[in-house]
Ligand SMILES: Cc1cc2nc3c(=O)[nH]c(=O)nc-3n(C[C@H](O)[C@H](O)[C@H](O)COP(=O)(O)O)c2cc1C
């Protein structure tokens, strides 16, 4: 596949993603917090700092992987990096494969480090990347962590996608053994099962981003790119973010579980943290904000978003994101059925 075609594909992903809308009802609505009337803390008592095993985030919300690899997405990366710098959020770049193949493309990613020299940046590669290239991807950005995306459904619906997956697990084991920053195995909107998380734990992985169903949908995006648009029946494939977090429960002590996929409101973030996530990523909302409304508006949106998170935490008597794990939740019947059928022990 030529570099031009790859560049074109990234732009198509961004264009189609921006036109997507979220389902009106999400799994986050299946969770309710028990309200208690008299908080024992003030909004000013809240500290959003989140400590992960290897680094501390000034707040749990981060900008998740999307862009780089084309002229247009270089500009988007620069804008997102400004938002990350000004707000103190961590930020992941999109897959760096384009830069690893052709150094002319490197600046569409390195712009993120140039714009935000002191920020926390995650680099990103796919599960089939040669180990040396994974190391190179970290150096490219002087990244604090490396996301490795696992995206089998996307590849299979993508007309020109990968058809070889049996090498992934061995390759992931080699990557985690060689790369000297934390490796985050990340889905792209199809969620994770406890079986997958167990396999990853066994090869030494200590970070996953479950990135579940409910937001950006890569079956729909790739189907849109197919001549006959004939794979729409797979649209609901995968676990939602809430289901995936429930699946992760017994690994939360040993691993940092990151959440993303369809997170849209401050209340969604709080629910992810209450379900045990160490940090929470959003992609499409930041893309749409920055492309449709610009940097100042996006910064304002981000500031409001975190202020709202603090208000919800006050109602839940949680001074820190970790305290949210004590919040009392009631699950709707659909979620309870998932918990029962999957034998998940949530307490
Ligand atoms: C335009 C676009 C491009 C993306 N590219 C990547 C990528 O290169 N690597 C990756 O790991 N995830 C990629 N993702 C997936 C996101 O990181 C995230 O897992 C997914 O979009 C779900 O989050 P959301 O519902 O908040 O958008 C992309 C998402 C979007 C919207």
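In case you wondered, yes, glycine gets a Cβ from its N, Cα and C as well.
Going by what TrEMBL states, the FMN site holds 65, 66, 67, 95, 186, 211, 216, 262, 263, 264, 283, 284, and the candidate of 116, 118, 124, 162 recorded there is 124. Those residues noted as binding FMN (65, 66, 67, 95, 124, 186, 211, 216, 262, 263, 264, 283, 284) have their most widely separated CA atoms at a distance of 23 Å.
The least crowded of the binding-site residues 67, 95, 96, 154, 211, judged by other CB atoms within 10 A of its own CB, is 154.
The 6 Å Cβ screen around ligand 1 retains 65, 211, 262, 284 from the binding-site residues 9, 65, 97, 211, 262, 284, ordered by sequence position. Its own atom aside, the Cβ of residue 284 (FMN binding site) has 23 Cβ atoms within 10 angstroms in the protein chains shown.
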